[in-house]
Amino acid sequence: MIRSKCSCHHHLLVLVMVVLWISPRYASAEDEHAKDFYIIYLGDRPDNTEETIKTHINLLSSLNISQEEAKERKVYSYTKAFNAFAAKLSPHEAKKMMEMEEVVSVSRNQYRKLHTTKSWDFVGLPLTAKRHLKAERDVIIGVLDTGITPDSESFLDHGLGPPPAKWKGSCGPYKNFTGCNNKIIGAKYFKHDGNVPAGEVRSPIDIDGHGTHTSSTVAGVLVANASLYGIANGTARGAVPSARLAMYKVCWARSGCADMDILAGFEAAIHDGVEIISISIGGPIADYSSDSISVGSFHAMRKGILTVASAGNDGPSSGTVTNHEPWILTVAASGIDRTFKSKIDLGNGKSFSGMGISMFSPKAKSYPLVSGVDAAKNTDDKYLARYCFSDSLDRKKVKGKVMVCRMGGGGVESTIKSYGGAGAIIVSDQYLDNAQIFMAPATSVNSSVGDIIYRYINSTRSASAVIQKTRQVTIPAPFVASFSSRGPNPGSIRLLKPDIAAPGIDILAAFTLKRSLTGLDGDTQFSKFTILSGTSMACPHVAGVAAYVKSFHPDWTPAAIKSAIITSAKPISRRVNKDAEFAYGGGQINPRRAASPGLVYDMDDISYVQFLCGEGYNATTLAPLVGTRSVSCSSIVPGLGHDSLNYPTIQLTLRSAKTSTLAVFRRRVTNVGPPSSVYTATVRAPKGVEITVEPQSLSFSKASQKRSFKVVVKAKQMTPGKIVSGLLVWKSPRHSVRSPIVIYSPTSD
């Protein structure tokens, strides 16, 4: 979820995290005795939990500490899905632990951030869509987030029977948590760093609202007349209203999302029996084996569980996409055909539209209009006053005025309101494609409009303006959100990321009453539903589609579900999205087509190991994923083709030293459509690129039959930084299976 480039959801989203492999160079004389939490990974899931926990204690005791101290230092033993533990160690102790024969890897625990109605109709999943309700009721979706609001209407269990027999999870009792029902069938929290700030509650209850919003988006029941103070009124619902939810609270509003808690959440979800995991969390770029979400999702994949994750909110900068593992379905954020704007009426008769949600009707026809610079306390404060920073403004010059402020941080309207101002016009070129909620009359305009307003102020001694209450506006869509993180994939030049785009702008969904709408001091706005934007909001849309597909095909692998979603996507116009597939992957989700894709590109865990070997991984770096140091790439049959992966998309990265590049991609598809089918290849090649497919026709005589083919791509050298788009479509009379082909020339090798 996002608020602004600077505030990032104010108190919650400023938290960042990176996993560091422990090495002697990271320790210094100053921190040698300082202790921090580390995750010590020992390998695959053990057979005997009790003996494994004893082993964890004994390993800690070997650091010349007592058994009692070892028990105090250990905060987690992971024994249900993999073998690991988390404990408080000094850098020297962590180094010694890494040298132990039993230990596969050691990583420092740090923190990640959250990537934070009409959208389902927009993507083609209306209430009338075909459903297998009996199977849908058996689908269990695990959400790793900030908790959930069990009293929300979105989580009523009317008409739902008891949880599926396969469910092994639990639900409290917990403090300040009313409990689960047949909709929310599981709820747990994870917090063992000893840091519980004031206002937090040790329970799965959501005091931030993020987890409630994402959970209701993926599987909320129908709630009629849902709105935000009358805005975006309609029926709120999730993709699969009959599916079950399990909440794993791994993020805390004031202290973030810890590695060790995220791993504990994954372990619990795997053990409990979820089938889809939705996680709208991310952090700085890391390699595939040193990232807690990567490791947790790999183990989930091995158990047949698909992890759907947000791509991140660091766009439009290139190479910023996170959660870019091939076994994760990585989601970009797109816009739907509505937005929210407020009209600004100037005293000279001119009017402009500002972006944002301001639910306040003006009490006067107009107010004096003043720039932040003109309201400065003194000359020395004028630079800071242009941003309307509180300490730089003269209260008397602000009171009763509409202020014009440059964007310099979040909560500008809070400052203006506290000074008695009548409103704020915020000038910014950041994220003007999504509507920020304001706690006072306010709206955002781009710098071009801002300059016109500044000129008006300077042209008269009696400038005036009024900000009207927000209204809903219809706009062209879909388009990729400016904030949505872009490729190319920083983890691999051979793998296209993100995978897919889904609505993530101005999404109405359930919220908590334990937090105001903005989270800013002085905000008195509370609502059971709110409008949020971010790849955090896009992620549960795709998780919901994955659950929808799962309800039709309970036996499909994570890779098959992922393939179905990517190859059935609706194309997004490259003309309005210059980053092309690096912005939206396969395109916009198309739920009903995803349930009947015709062909799928399937894979198992060995396929991903082959890919990693092709990426240069070795026994040591593979160990956190596969659970042992004994897996050697030299003993594994190499993956076929240029990318060693049976992926539903193709990416070729050119080398600047060559005048042309030729690559052969090997693929295999499985027939999941009519038993007797014939598919013919259609290729679209961009200028300067040759694409051939062999064979050009695939014939199937039965269901689940597999057919292999190769795609040969030959591309001339291009301008550094350029991306061109090709396409392979396998067509039958009933199905069209789309695979984007991306050719990219990096800015440097």
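Yeah, the Cβs are placed from backbone N, Cα and C, and that goes for glycine too.
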Hey, which of ASN64, ASN458 does Swiss-Prot call N-linked glycosylation site?
-> ASN458
Enumerate same-chain residues with a sequence separation of six or more from ASN458 (N-linked glycosylation site) and a Cβ-Cβ distance below 8 A; give 'none' if the list is empty.
-> none
Can you tell which of ASN225, ASN233, ASN618 has the least company, meaning the fewest other C-beta atoms within 10 angstroms of its C-beta, among these glycosylation sites?
-> ASN225
Taken over the domain 'Peptidase S8' (119-595), the predicted model's pLDDT averages 93
Show which residues of the chain containing ASP145 (active site, charge relay system), separated from it by at least 6 in sequence, have their CB under 8 Å from its CB.
-> LEU114, ASP206, HIS210, GLY211, THR214, SER215, MET247, TYR248, LYS249, VAL250, CYS251, SER278, ILE279, SER280, ILE281
Consider the recorded positions ASN176, ASN225, ASN233, ASN446, SER536 and say which one has the Cα lying nearest the Cα of ASN618 (N-linked glycosylation site).
-> SER536
DSSP composition of the domain 'Inhibitor I9' (38-115), residue counts helix/strand/coil, works out to 28 helix, 28 strand, 22 coil
For ASN618 (N-linked glycosylation site), what is the secondary structure by DSSP, using just helix, strand and coil?
-> coil
